[in-house]
């Protein structure tokens with residue numbers, strides 16, 4: 001018993017170590033993404049370009065992240081997940097170490113693509129490893145992962161200005177706090193283009209910030225290697241669990257719907273976080289400080305609610321959390337779309353909208369895991385869908401806003417995407433549950449038929465048994481009648497014998513089946529009584 005308890009405690013400790021290392025890796029992931037905004041002008045100065053001329057490095061990293069998500073999904077089904085994440089973190093750290101000394105735009109773009117690919121692998125593998133490790137209990141751990149990402153994005157601007165003492169980089173921090181590992185291209189590039197050219201002091205700070213984050217990620221990768229050496233193959237465990245579980249009847253249609261769901265949700269989140277600052281200045285006529293505060297309110301509510309969801313996921317089911325988030329999102333986006341000219345509606349709506357967007361992505365992954373097997377390829381599709389939404393929707397909104405200057409396109413986009421997600425989730429829920437309901441109905445019908453057949457067979461068996469009982473009873477009655485006739489005939493014979501010999505009586509009793517009479521339980525007394533009668 002003690003050995004089993006120790007083994008269970010070792011397994012539980014290992015699972016918690018995996019969760020802690022995953023959260024640390026997502027903290028580094030958030031810092032790696034968000035640090036690019038504050039240091040973007042220095043990057044441009046290092047390669048001798050204007051900030052408006054190197055926007056393609058964002059596109060390169062976005063494409064790298066998309067490719068990394070797909071490759072990571074394939075590799076997760078072929079090798080140990082912990083080892084894969086260790087190598088992805090190692091690649092990210094190496095790229096961060098090289099970037100500060102890069103002085104060619106092409107090389108910088110290649111490095112960004114490589115880093116993006118490593119981050120895509122981490123983003124896909126982190127969610128899958130959490131599911132492999134905790135199974136149906138993964139809800140709070142997934143929430144903790146994505147909260148760590150938001151915390152890293154919050155800390156990155158502070159890291160970037162540790163040696164700077166300047167507040168210039170703070171203006172770029174807000175749009176960088178995204179949900180996924182793919183950085184939006186156009187909004188950040190446009191924001192960075194307004195920043196003045198850096199000086200040498202910027203370059204020194206830039207070097208140390210990237211080295212600091214790279215060192216942190218290197219340490220996390222070492223922890224992953226240690227976990228790989230200490231633990232048995234997480235992939236073997238996942239294969240065993242996958243063999244036990246079966247895919248949902250409509251697995252791929254369900255995955256496709258969730259792909260579209262994440263595309264609209266993440267696209268709406270990034271779009272609002274990127275453009276609310278501009279909207280507040282143009283349509284609400286706010287000052288720069290007020291607009292920046294409004295942007296901070298959105299992301300602050302987002303981060304706080306994501307942290308609270310770690311504890312809420314322990315008590316609420318993923319479906320309940322998604323429904324609550326969608327209802328709050330629909331209400332707040334409606335207020336923002338039609339009443340944003342009121343400042344109170346803009347402030348409250350932004351806070352509620354940010355809070356409602358916080359838990360949807362991790363809750364969605366935890367929700368679908370209840371109905372089907374989430375493997376590497378499946379999780380990569382979710383990340384790719386989120387990445388496409390993060391890339392495409394902000395670009396489309398920027399184009400439409402440029403053409404229709406007097407229309408609050410950002411708020412209407414929030415409303416439309418909210419309506420789409422509200423309509424998609426009931427369809428997914430019905431698709432996930434309907435086959436099970438139908439199968440359970442068929443199973444119940446089969447069980448009913450089996451029960452009826454078994455009852456009918458039991459009835460036939462009971463009738464046959466009753467027939468045998470009746471036959472046996474009739475046979476017993478015949479035996480009893482024969483015994484009575486035999487007894488009467490023997491009694492008549494005994495009366496005709498003279499002297500009523502005592503030797504005959506016991507033989508009669510034995511023949512008739514009657515036991516001899518025993519007085520006081522002693523055979524001697526019986527013989528004595530017989531002799532006494534004879535002497536008389």
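Placement of Cβ uses the backbone N, Cα and C atoms for every residue, glycine included.
Curation does not apply to TrEMBL; its annotations are automatic.
Per TrEMBL, these features apply:
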type     : residues : note
COMPBIAS : 439-450  : compositional bias 'Basic and acidic residues'
REGION   : 436-474  : region 'Disordered'
REGION   : 492-536  : region 'Disordered'
TRANSMEM : 12-34    : transmembrane segment
TRANSMEM : 54-76    : transmembrane segment
TRANSMEM : 83-100   : transmembrane segment
TRANSMEM : 106-132  : transmembrane segment
TRANSMEM : 144-162  : transmembrane segment
TRANSMEM : 207-229  : transmembrane segment
TRANSMEM : 250-277  : transmembrane segment
TRANSMEM : 321-339  : transmembrane segment
TRANSMEM : 345-367  : transmembrane segment
TRANSMEM : 379-397  : transmembrane segment
TRANSMEM : 409-429  : transmembrane segment
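For the transmembrane segment (83-100), the list of distant contacts is 22, 25, 28, 32, 43, 46, 68, 72, 75-76, 108, 111-112, 114-115, 117-119, 121-122, 125-126, 129, 206-207, 210-211, 213-215, 217-218, 220-222, 224-225, 228: same-chain residues at least six beyond its ends, Cβ to Cβ under 8 Å. Counted over residue pairs 6 or more apart, the CB atoms of the transmembrane segment (207-229) and the transmembrane segment (12-34) come under 8 Å in at least three pairs, which marks the two as touching. Against the transmembrane segment (106-132), stretch 379-397 shows more Cβ pairs under 8 Å than any other of 144-162, 250-277, 345-367, 379-397, 409-429. The largest share of C-beta pairs under 8 angstroms with the transmembrane segment (409-429) comes from 321-339, of the ranges 12-34, 321-339, 345-367.
Note on the transmembrane segment (54-76): residues 36, 43-44, 47, 84, 88, 105, 108-110, 112-125, 128, 181-186, 188-189, 235, 375-381, 383-384, 387-388, 390-391 of its chain, located 6 or more positions outside it, place their CB under 8 angstroms from a CB of the stretch.
For the transmembrane segment (12-34), the list of distant contacts is 82, 85, 89, 92, 96, 115, 119, 122-123, 126, 129-130, 133-134, 141, 144-146, 148-157, 159, 173, 176-178, 181, 183, 213, 216-217, 220, 223-224, 227, 230-231: same-chain residues at least six beyond its ends, Cβ to Cβ under 8 Å.
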